[in-house]
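Features reported for this protein in Swiss-Prot:
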{"type": "ACT_SITE", "residues": "Lys164", "note": "active site, proton acceptor"}
{"type": "BINDING", "residues": "Gly63, Trp65, Asp83, Asp99, Asp124", "note": "S-adenosyl-L-methionine binding site"}
Amino acid sequence: MSKNKLSASSGRWLKEHFDDKYVLEAQKRGYRSRAIFKLEEIQNKDKLLKPGMTVVDLGAAPGGWSQYAVEQVGDSGQVIACDILAMDSIAGVSFLQGDFREEAVLDALLERIQPDMVDVVMSDMAPNMSGNPSVDQPRSMYLVELALDMCRQVLAPNGSFTVKVFQGESFDAYLQEVRKVFKVVKIRKPDSSRARSREVYIVATGYKG
């Protein structure tokens, strides 16, 4: 791709981004990213987050989901967040920076969590996209498998799980896997999710334990 084409493409993306009503609304309300509106829409429909809950937020940076979650769980709840990228501190959020795929980071995260104490695991994780679906999709599915494994280790009975998944190879098999361990499983495509994106959110409630 030529430099001019790249610049034109980048310019279009920037214009779309800054003209985006969700970006503007996030800035207006003091949230760190437009992604908060995806979680807000899920919350409005599925009521996953309640005062006093313990929540694990995977792929948390820059912190929009953690900001919203800590508002919902209140002072009596807690949010434990993890991301490979740095994240500015948020009151009420315990943040661990590290690569969730590495065993040492996973162990450090688990040290902050007692078994069966987590009410909600939420994941907005995504790999760095190469633009090649045959590479990106397996990387993405690996992350969502890890998120489901986290549920098996820390979720309380009847706990909930919401995870971003890209539709493509292995999506149906993953959905069946989630259905084995949760009583109710729904697929959400929030209005704030860009139409061209293959992303959807699996919302699972009633962890069987």
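Each Cβ is built from the backbone N, Cα and C atoms, and glycine gets one as well.
Model, not experiment: these values are computed from the prediction.
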DSSP three-state assignment (helix, strand or coil) for Asp124 (S-adenosyl-L-methionine binding site): coil
Mapped DSSP class for Trp65 (S-adenosyl-L-methionine binding site), helix or strand or coil: helix
Euclidean distance between Cα atoms of Lys164 (active site, proton acceptor) and Trp65 (S-adenosyl-L-methionine binding site), Å: 12
Among the S-adenosyl-L-methionine-binding set Gly63, Trp65, Asp83, Asp99, Asp124, as the record gives it, the longest Cα-Cα distance in Å: 18
Alpha-carbon spacing, Asp99 (S-adenosyl-L-methionine binding site) to Lys164 (active site, proton acceptor), which is rounded to whole Å: 18
Asp99 (S-adenosyl-L-methionine binding site): tally of other CB atoms within 10 A of its CB: 11
Structural state of Asp99 (S-adenosyl-L-methionine binding site), classified by DSSP into three states: coil
